[in-house]
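Student: What TrEMBL shows for this protein is this:
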- 18-172: domain 'Phosphomannose isomerase type I catalytic' (DOMAIN)
- Gln131, His133, Glu158, His295: Zn(2+) binding site (BINDING)
- 191-276: domain 'Phosphomannose isomerase type I helical insertion' (DOMAIN)
- Arg314: active site (ACT_SITE)
Amino acid sequence: MESIGKSMKHHNQRSIRLQRLRCSVQNYDWGKRGTDSLVARLSALNSSSEIDPEKPYAEIWMGTHESGPSFLIQNGDENNGFLSIGSESLSLKDWVLENPKVLGEKVVQKWGSDLPFLFKVLSVGKALSIQAHPDKELAKVLHKFMPNLYKDANHKPEMALAVTHFEALCGFISLELKVVLDNVPEIEELVGSEDANKVFDITDRDDENKVTSVLRSIFTHLMSASKEMITTIITKMKNRLHIESQGRLLTEKEQLVLQLERQYPADVGVISAFFLNHVNLKPGEALYIGANEPHAYIFGECIECMATSDNVVRAGLTPKHMDVNTLCSMLTYKQGYPKILQGVALGPYVTRYLPPFDEFEVDCCQLPQGESAEFPAVPGPSIFVVTFGEGIIYSIDLKGDVITEGDVLFAPANTQISITSASQLQIYRAGVNSMFFQAS
């Protein structure tokens, strides 16, 4: 215990410095496989590991969540370069807990001695589950009564920033529901004529609450249908679309639904996709998702940031546990195409993405060879990840340290950062939303 105390005292003296991190990788089945995955390539460089060509590499987690912790690396230390206490690597979570000043006073006042955001890189090879994330109130209830499924009591607003072309389903379409039923007659058979008639009875004079009520009813019946009924309906739909494709070009949504069916045969999520917006992001565009909104990522690679949580309520396109009742009861059923963020230029090489959530913002820095960018000191912590190239990073206590692809660094509050590229360099930063500091 005495040696640990001395070690912690030594770490406390280092607490204002930039810290290199070794980060966790998640090998979910939907991840891209082998070297096709950006996550695999970055993770291999980050942790000096080999890439298994047959293995899916889905997510890198950069932060303090216990399901995917990050660990501190100390240059020149033994134990493979990782900062250690005894035989244990020191986690970022434990280090931050011992050194809360690295978070900044306002962050500690609001969120306690922990990072309020979780930073990720995602490589999506096939669709993720149709899901939603609970608001704080519901998260507390779910965690209390089902802690094995809902691991924490926090909400999980999130944002995906496209690195490549990126596809997702997000939010309910604003197109008239009757158009969906006309184009997909199998849905009426699945949900029943009573719900279908409610849809066809809607007029332009009906208020938003009535439309929302009908949508909730039809979507809940759809998602609650028996496995046998879903299998029958999807087979009918698939056969019809194959026949119709001989005489016409299938719509983008119809082609997507057939793609989802190949990935998840006889899954209710295949049909429910007709009710959701199909979003295509170009590199540099971002999509944010609030609490209780349905979504599913489909394909591509992105930078993702969210509140520190792993609460997911699933109801389709997944072999995992599905909580259909909770999902259908929690959704807002708000209709309309989601807002796409283009980012705001902070300078010639840095673009900032500001979602309407206090917990986080993301900066994208694209530096041509030989150019420099400044990241002014901010009152909260930051995490940087290098996704391409190499350069040199400077701070007040660091005269210059080489950074390369796969490097992840934690910057304490009030740390000014300067980066100069040795080649073309792409680096992303996550931090607490700057609007939070302006408002407080």
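Using N, Cα and C of the backbone, Cβ positions are placed for all residues, glycine too.
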Student: Please report how many Å separate the Cα atom of His133 (Zn(2+) binding site) from that of the residue listed as 'active site', as a whole number.
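Tutor: Just about 9 Å between their Cα atoms.
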Student: Can you figure out which of Gln131, Glu158, His295 (the binding-site residues) comes closest in space to the residue listed as 'active site', comparing Cα atoms?
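Tutor: So, spelling it out, the nearest of the binding-site residues is Gln131.
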Student: Among all the protein chains here, how many other CB atoms are within 10 A of the CB of His133 (Zn(2+) binding site)?
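Tutor: If we count other Cβ atoms within 10 Å of His133 (Zn(2+) binding site), we arrive at 25.
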Student: For the Zn(2+) site given as Gln131, His133, Glu158, His295, which other residues of the same chain have their Cβ within 8 Å of the site's Cβ centre?
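Tutor: Counting only non-site residues, the set is Ala132, Lys156, Ile289, Glu293, Pro294, Val312.
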Student: Non-local Cβ contacts of Gln131 (Zn(2+) binding site) (under 8 Å, 6 or more apart, same chain)?
Tutor: Pro294, His295, Ala296, Val312, Val313, Arg314, Ala315, Thr318, Leu327
Student: Using all protein chains in view, find how many other C-beta atoms are within 10 Å of the C-beta of Arg314 (active site).
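Tutor: 22, counting other Cβ atoms within 10 Å of Arg314 (active site).
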